[in-house]
Amino acid sequence: MGDIKAEIKGIGINIPERILTNFDLEKFLDTSDEWITTRTGIKERRIAEEWEKASDIALPAAKEAIENAGLTPKDIDAVIVATSTPDMTFPSTACFLADKLGSSKPMAFDISAACSGFIYGLTLANSFIKSGQFENILVVGAEVFSQIIDWNDRSTAVIFGDGAGAVVVSKSDGESDILSAVMKSDGSHWGSLYCPVGEKLRMRGRETFKLAIKSMETASKKALQKAGLTLEDIKLVIPHQANIRIINALAERMELPEERVYSNIHRYGNTSAASIPIAFYEAWKEGKIDKGDHILLTAFGGGLTWGAIVLKF
């Protein structure tokens, strides 16, 4: 059992077609493109159709990830969906997704860890694979934050977007592996970022900013230590795409050059649990990472939750 490795075998994303630019927001909010860009780095974000639910936007991403892995939905043993915008309170979005995929009755459940949800899910998939319980697990981050945004609140309406990203984590006897994971939470800071049932998202931006940088830096260093690696061994750091100021501050604290920290927040805004798989996919497509590279993923989110993963792609 100790020789089992867990590799990311396939990746897929789904980005809604509708684009909402900063100039569009100027038409109904007391804001401007300059104000938004300077404070967040965001130029535009994608918005799902009103009828679309998390499982709907997750489906194309999941299909692409499974196809890229050279598998079929019938090969998937478990489906884990990280989302803060589930289809329903229950059943889980993962159950809806598994059914839409035509999977063979896999274990299916959701994770509610806000923007940290995807790396929480990846950590669980890693453990399930290495325990020998499963061989192929679909991990998805899918969000339709446009449905829980107060569009009159410029502090949050300018930040969030919709999207989905998915990976297939599979048993492997090759070199690829999830090497280490550090996952944490602190419920005493719940008021920094939260969404009451049936209401809209609320955020204390300044408090969130400070907590985000410190938590991601600490988790990243611990994950590297557990993996027996240093930052010099890491090809690319892929942080949660929350705010360009947070990303830049993290890079500065970790003494990393800009080219080794991936960012696509200008195109999509903050897509919460979907941000890391979307960024991972685009970095791969752009040739910034390749098989055999060491990658560091790190995120923070409401809860507060945070964590980091080191993997060999």
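Note: Cβ is positioned from N, Cα and C throughout, glycine not excepted.
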Of 91-95, 216-220, 231-235, 241-245, which range does Swiss-Prot call region 'ACP-binding'?
241-245
Just to verify a number: CA distance, His240 (active site) to Cys115 (active site), in angstrom, no decimals.
7
What does DSSP call Cys115 (active site) in the simple three-state scheme?
helix
Calculate the distance in Å between the alpha carbons (Cα) of Asn270 (active site) and Cys115 (active site), and round it to a whole number.
9
Would you mind checking how many other C-beta atoms are within 10 angstroms of the C-beta on Cys115 (active site)?
31
Counting other CB atoms within 10 A of each CB, which of the active-site residues His240, Asn270 comes out lowest?
Asn270
